[in-house]
Each structure stands twice: as C-alpha cells, then as structure tokens.
C-alpha cells in the first residue's frame, strides 16, 4: 500500500512543478506567436510546415494512460470502410459549407489508430456474424455463425448447443466482475452485430422461432433457441441493462394485435414480468418511441428495453424525427442509465445502417449514417473521462465503394467527378465494384448518361461494375480508433479477435485480465494501487516531454 501522507505531499509537489512548467511554456509560446504573427494560407509552403508541427507537438504532449478502464464503450460502424471514412468527412464538411477534405470525424481525432484483419475462418471476405464473434468474444468463427467456434459449420444446430463450441463474450466477462452491460443499435437488436454479445447460433438469420423453423429441413432445430429468445430468457442477454434499437417483430406474436413474427410467446411481456419479479416495480421500462426515451428518468431506471421499429430503424434522412430517436440520443440515454453502476459498465453501440445503405449502393445515405455515428461517438466523449473510460471505434468489415477520378478540391463528393470516360460519358466520384443492377443502362450494356441523373436524391443508386442482387462486403482491413486507459494497445495491425482481449485487459476482465501485471478490474471499493502511475512518474514524464517539445518547437 502507498502511504497516504507521503502521497499527499508528493501530489502537492507535482502540482506546483506542473504549474511552473505550464506557465513557463505558455509564456514562451505567446512570445513565439507574437514574433511570428503572419497568417499563412494553404498556398504558402509554411502553412503545411506549421500544420505538421502542431500535430507533432500534440503527439509529443500525449502521455499513455494506464491504470484501469472502469468503463468501456465500443462503437461499431457496420461496413465503415476507409473509403467511407474519407467520403463521410468530406460530406460532413460540405454540409457545413466547407470544402470538407481536411475535416475530421469525431473519432479520427483519437490519439491511437490501428487496423484489424476481418476475414472469417472459412471466408476471405467476412460477414457481420463471424466478425461480431471475433471482436466481441475473441474467437474467429465461420461465415454467418454467431458466438461459436469454427468447429461449428453453418446450420449445424446440434453442434451449436455443445458447451465446448460456445464462446464467451465481453458481456460475460464484464458481468463476472460486477459491471453492467448495454447495447444500442440502429438495426434489429437481434441482428448479427449486436447478437454477438449474447447469442450462440449456427445461422445469423435465426432471429425468431419462425425463422428458425424454416431451417427444419437442414438440421434438427428442436435443439436450438432463436436469437431473440436467447436475448430475453438466457444469460447474459437477460441481464443486459440497456437494450435500444429496432426489431420489434422478433419479440411479438404473429397475430392481429401484435403483428410480430413469433409463434410461441410474447418476449416483451416476458421481459417486463422478469424484471418486476427479480428487481421489483418501477425499476424497468419498455418504450417504443423517441418521446418515451427522452422522458426516461435514468436515476430511477435500471433496466431499459426500447424497440423503435418493427424491423431495422429508418435511415436518419428518412426518419420521422418526432417518433424515432437518433443514435446520439440513444447513446446518451444508455450512458446516463449505466453510469450509475459503481463497478462501471461495458456499452456496445452500433451504427448499423451504414452497411444497409451500402448494400443498395445508396452512398448518400451511407455517408449520412456515418456522420450520425460520429455524432454519437462525440456524445460519449463529452459524457465520459479519458482517465477511466476506454472508447474503441472500429468496423466489422468494409464495402466495395470506391472514390476515384480527379475532382477539384471542394467538389461535391456525391456528384459527378467533372471528368468523362472513354465513352464520352461522365462518371461519379463514388461508385461500387458490384451491386443491384441498374435498369436504366441502355440495351447495348453501355453506361447510363449520368448527366441526366439527380445525385442529390438520397435514394439515388450509384454506378456499379458487376450486377448482383445486393452489393457485397469488401475484404480489406478496417480502422480501429481508441482513447482512454491502455488505448495505445490498439496501435498497429492485428487480427480482429484481438480487440476484445485488449479491451478486457484494460478493464481487468476476461481471458487477458492481469496479463504481465495488468490492471485488476475496477471495484467500488477503489482502484488497485499496483498499476496506478505515481505522481513522481507522471511528473517525470511531463518534464521529459517539455524538454523535447522545447527542443523541437522553439
């Protein structure tokens, strides 16, 4: 144990020294700026030098945070490829009447960036089920299977119920250490990505008992439970404290009253009764619209189930803002409910409609959903501390959208590129390698004359090379952004299944907890002192950084 008396003296000394360092450097920085008052523009070479020096200074000042992550928030942009990031930041800037190329999405400002490999065990190009198993359980799996090792093949119901084939997710790991868990998504809450948190299924489509029954000719379905039922009646799903998204039909009976898809039971009523029975009245709430969400009192609500659509929620550009909450609003409410937890929480937030828009090559909708996703990340940043909350932002896989041609700076990224092909027809800056066939192409299989199309229409489907029913995923690596305790672990290139193990290490939960003297899980009794950085260590780091900054920048 650290002596509390000496600790107080050390902290006072540290604070005084730090104040002197900051004052000294602020004074010198002011004098330096005063002496170099010229304002440079992008046409000046010095503009770019100064721009780069600012970034170097920013990086030099950053001290890796260690300690323990009391909270973890994982943001998943479904299908958010590198091209999607680039085009979305330009779209964001242009929506605000700027050129857009030098903009940042909120999470692109995070101090640490890496890349993850997204393939399934049996596929070069992944789907959202095998990837969810990887980034939520630490185990790579087969295409379209959830929460299972690669020992289980697609549609193998009997294999999926064998305990040795089932994976444990970071939800299990977090609950085992007394943490609360929540999930937020713009898709069905039983869809592939969120179900990786709580389900074990030999096919991602078995979301309700009716869907499971359709596979009776493929396997013995009597041994399995559908994904919605696992969420509501089995651990860890039944103990998830916040569940917000779409997919109401998967929980309700197929009758004239409920208009659901189930044939066995009303899972919403089961959820309500279960929470009252286990935790008493007035501790839980079921909601279906934005007004109900905004009126939830988080101080009085421990369990929250919100299903805001029969299937997926609507695209932001097409939604009734009075009825459907935004991803930001759902994220905010989830954090408000979960932050009461003394031992912290794990929250999974998915911007799932980025993927849905890409599959139909509606690029404007995909970019807009990405910007909405960025807003939700910023909301989480504003509500948490970098000292005790690890935020990780990534994607499960990419898409085939590409950005090409030579449009001039500031040109509308969603419009024609300004150039023509060898067929003397214009082409758009954004296009897809494959996707739904364009019925307007001429009879000679030539390209459509895009000078006659309205690319401002949110439902305009962008050109594609190979005609398919739906556009496919892409197979390249995806980005990972991180801030908070142990965020530096997320640098470099690594397998996607490493992500939950690194998150678990930072929080002291799961298989990688306590590796190499890593942090123990946060408890309401207080932090372990074995891994906390001492004031002397921090002061030394600050002084060293100050010396380096002065040498580089003055």
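Glycine is treated like the rest: Cβ placed from N, Cα and C.
Unlike curated records, TrEMBL annotations are generated automatically.
The active site, phosphoserine intermediate annotation in TrEMBL covers 128. As annotated by TrEMBL, Zn(2+) binding site applies to 78, 355, 359, 396, 397, 473. For 78, 191, 193, 350, the entry in TrEMBL reads Mg(2+) binding site. According to TrEMBL, the feature signal peptide maps to 1-23.
A straight line from the CA of residue 396 (Zn(2+) binding site) to the CA of the residue listed as 'active site, phosphoserine intermediate' spans 6 Å.
Each of 79, 127, 128, 354, 358, 395, 398, 399 belongs to the same chain as 78, 355, 359, 396, 397, 473, is absent from that list, and has a C-beta within 8 angstroms of the C-beta centroid marking the Zn(2+) site.
Ranked by CA distance from residue 397 (Zn(2+) binding site), the recorded positions 128, 191, 193, 350 have 128 at the top as the closest. Annotation: 397 carries the greatest number of neighbouring Cβ atoms among the binding-site residues 359, 397 [cut-off 10 Å, Cβ to Cβ].
With a cut-off of 8 Å between CB atoms and residues at least 6 apart in sequence, the same chain places 78, 191, 192, 193, 204, 355, 396, 397 near the residue listed as 'active site, phosphoserine intermediate', listed in sequence order. Rounded to a whole number, the C-alpha distance linking residue 473 (Zn(2+) binding site) with residue 350 (Mg(2+) binding site) is 17 angstrom. Most Cβ neighbours within 10 Å, among the binding-site residues 191, 473: 191 holds that distinction in the structure as shown. Of the recorded residues, residue 350 (Mg(2+) binding site) and residue 359 (Zn(2+) binding site) place their C-alpha atoms 17 Å from one another. The Cβ neighbour count for residue 193 (Mg(2+) binding site), using a 10 Å radius over every protein chain in view, is 27. The Cβ neighbour count for residue 396 (Zn(2+) binding site), using a 10 Å radius over every protein chain in view, is 29. For residue 78 (Zn(2+) binding site), the Cβ neighbour count at a 10 Å cut-off comes to 28, with all displayed protein chains included.
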